[in-house]
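Engineer: Taken from TrEMBL, the feature domain 'Cadherin' applies to 30-129, 154-239, 240-347, 348-452, 453-551, 552-656. Taken from TrEMBL, the feature region 'Disordered' covers 787-813. For 1-25, the entry in TrEMBL reads signal peptide. What TrEMBL records for 711-731 is transmembrane segment.
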Amino acid sequence: AAMNARWGAAVRVLVLVRTWALAVGQVRYSVPEEAKVGTVVGRLPQELGLEVGDAEARRLRVVWQGRRAGVEVSGASGALVVSSRLDREELCGKSAPCSLRLELLQERPLRVFHVELEVTDINDNAPLFPAARKNISIAEVTTLPSSRFPLEGASDADIGANAQLSYTLSPSEHFALDLQKAEEDGESLFLVLTKPLDRETVPVHQLLLTASDGGRPSLTGTMELVITVLDVNDNAPHFNQSVYKVQLPENTERDTLVLKLNATDLDEGTNSNIEYSLQKLFPQDGREVFEIDRKSGEIRLRGDLDFEDVGLYRFQVDATDQGNAPHSGHCKVLIEVLDVNDNAPEVWVTSLSVPVPEDASVGTVVALLSVSDRYSGANGRVQCSVWPASPFSLESRFLGSYSLVLREALDRERVSEYEVEVRAEDGGKPSLRASRVVSVPVSDVNDNAPSFSQAVYTVLSRENNAAGAELARVWARDPDEAGNGRVSYSLWEGVIDENKGEIRLQGKLDYEEVNNYEITIEARDKGTPPLSGHCKVLLEVLDVNDNAPEVWVTSLSVPVPEDASVGTVVALLSVSDRDSGANGRVQCSVWPASPFSLESRFLGSYSLVLREALDRERVSEYEVEVRAEDGGKPSLRASRVVSVPVSDVNDNAPSFSQAPPRSVTATLSVSLVEGGEKALAVGGSSLSVPGLVLPAEGGAAAGSSSASTNVWLVVAICAVSSVFVLALVLYGASRWSPRSAVLSGPAPATLVCASEVGSWSYSQRQSRSLCVADGAGKSDLMVFSPNFPPPPPGPAAENSFVGIRPSPSPLNS
């Protein structure tokens with residue numbers, strides 16, 4: 001047991017020491033560059049004291065310090081493996097050794113392990129020269145043997161033995177290599193000339209320089225050396241002629257090629273490169289007239305030739321090579337100037353009076369011109385003309401002086417400016433010409449009145465347009481300019497924008513009042529004096545459905561007897577709508593359903609006719625609503641209520657609900673009943689009428705039905721007769737009373753009703769309706785329309801009663 005305890009303590013000490021070493025030290029690994037992906041760099045679990053299958057080993061990840069390299073921790077084994085290409089030259093360049101530092105991070109428990117990874121070099125880079133080809137020039141003869149020419153050595157990206165270079169040169173009897181090594185300066189490589197060069201024998205030498213490194217296997221790089229043998233300048237340039245002669249007309253244009261010289265040199269290279277120059281010119285100012293191209297030998301004319309000034313130019317041309325000891329060749333050039341008619345006439349404008357008003361009169365002088373020619377004789381005789389054909393012509397004032405005058409009327413609106421070319425031509429062979437362009441602008445005068453594109457404009461506008469709305473826009477054209485062409489607009493009636501010609505609505509349009517307007521518009525320019533033009537605008541107002549239909553009762557025949565036949569015309573109606581078109585097309589109907597209907601007589605006229613039999617005892621008066629609706633969208637409606645009272649006819653015989661008593665005292669009372677209906681009421685034991693009392697005979701008629709019937713018949717006849725007499729008396733009184741003017745005459749009938757509480761009246765055109773006050777007593781006074789004829793005697797007279805109100809006393813049984 002003690003032995004086991006000591007062994008356990010020793011193991012714990014070793015683990016602690018190992019852990020401390022990992023914490024304070026580094027784990028070092030080495031891997032060659034270009035190792036394959038998947039190559040195992042190190043067994044991390046063993047190095048860190050972790051078991052391969054332990055989950056802790058799989059929780060390690062690489063944390064890089066600095067540039068990231070292509071290694072990672074394998075998730076399966078926990079080993080550090082190559083994950084991507086390792087290039088030592090890319091990672092460290094020429095630095096040695098190439099060490100990369102990385103940290104391994106364990107998350108649970110959190111621990112950090114330091115790892116140093118060294119990437120070792122392999123010979124994977126061949127020597128490389130700065131250029132694939134190098135050109136070297138060496139002069140023949142003059143370059144002595146043992147002459148050294150420095151060369152740039154190759155470089156190798158590897159390090160150590162892999163970068164140690166050696167050089168070889170392809171076999172040559174004229175050249176060799178010399179490699180010098182010094183600790184201070186490093187390596188120096190030279191090309192050494194071993195034998196003199198002869199350009200005529202071998203003009204170019206081509207050699208191959210090879211560099212080999214010290215790797216196993218060795219890699220090589222090459223550079224081509226092209227050695228050009230330079231020529232010695234032992235030949236001078238030579239012209240094929242000693243004298244060159246050229247003739248040039250004096251009117252030769254500038255930059256014309258006069259002569260191309262060509263000198264040859266038997267040497268090569270710079271020794272045969274020739275430059276040309278002009279020497280010893282006569283006259284001295286010839287340098288400004290002629291110029292020679294130093295490279296090509298072309299002589300060109302740079303100035304103007306004039307036979308009258310210089311007729312001959314002489315100068316010497318030198319050709320010089322570019323050798324170290326340059327040589328020159330010489331020749332002479334003679335240039336003869338030939339005389340030609342090269343002086344064209346000259347035209348000057350001495351005075352110009354522009355612009356010319358477009359209303360200038362014919363013969364107005366526009367400009368004065370002077371024409372001359374340096375030659376005399378035929379060459380100096382000048383003829384002048386104007387081109388193209390224009391409203392201008394030339395008039396000769398005296399020799400060499402002309403006037404440009406107006407020969408036609410001008411119109412600025414057609415042509416605002418003329419370009420007049422004055423041409424002058426001399427009499428030489430060939431003749432010479434000259435010209436001068438004179439710009440003659442034409443100034444504007446107010447000679448055009450504003451004009452509209454149309455004499456009459458038609459504009460449509462709805463009648464509901466608001467005030468200020470734009471109705472139309474007119475435009476007048478004035479071809480004049482500035483103020484002469486600036487147009488303002490005015491309207492005799494209404495509002496128009498003075499500058500834009502916008503016509504705006506000033507008030508409200510009403511199609512039903514005026515549906516067409518004729519507007520006169522004036523357009524006036526700002527000229528002095530101003531001119532004006534006119535146009536008319538015909539404004540057509542479009543209808544809007546803003547008027548509801550109107551219904552009038554033109555004739556009314558009421559009351560209608562209840563026995564009136566079907567088809568009887570009760571009233572005539574007139575329907576109209578102030579709108580037009582669909583807005584004015586009206587449809588009429590009767591509401592509610594009633595014994596009446598509408599029949600169209602003609603446009604806008606309808607008849608209210610009876611279509612069913614009437615029964616006053618069922619309905620004594622009808623309120624017929626005539627509805628009218630137009631065809632607008634939305635439509636407008638109107639209605640008129642027609643009151644149609646029904647008058648009674650004697651179509652019902654009296655009937656008793658029980659047997660008549662033996663002795664009857666009846667009292668008849670006349671009263672106003674609401675609605676103008678008439679009723680007969682019998683009550684009490686005696687029949688009485690105001691002003692008339694009929695007592696029962698003998699006081700008894702019991703037991704005899706015929707006697708009772710006769711009594712009642714006599715009573716009824718007497719009552720009716722009394723009422724009729726009373727009506728006649730009242731009618732006569734109304735004829736002689738001061739109010740007779742109100743109750744009679746051709747005017748519409750007027751009914752006046754008087755009662756204890758006052759009086760009131762009612763008037764309706766063509767109406768026969770009777771009006772009474774509600775609640776009138778027995779003493780009410782009834783006045784009938786004088787337009788009704790007296791009722792005939794008999795049963796029909798009963799209809800003349802306004803009403804019969806029964807006495808409050810009951811009938812005696």
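Glycine residues also receive a Cβ, built from the backbone N, Cα and C atoms like all the rest.
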Engineer: May I have the DSSP-based helix, strand and coil counts for the residues of the domain 'Cadherin' (240-347)?
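Structural biologist: Counting residues by DSSP class gives 9 helix, 52 strand, 47 coil.
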Engineer: Please list, for the domain 'Cadherin' (552-656), how many residues fall into helix, strand and coil according to DSSP.
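Structural biologist: So the counts come to 4 helix, 55 strand, 46 coil.
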Engineer: Sort the residues of the domain 'Cadherin' (154-239) into helix, strand and coil with DSSP and give the three counts.
Structural biologist: 4 helix, 43 strand, 39 coil
Engineer: With DSSP helix as H/G/I and strand as E/B, how many residues of the domain 'Cadherin' (348-452) fall in helix, strand and coil?
Structural biologist: 4 helix, 55 strand, 46 coil
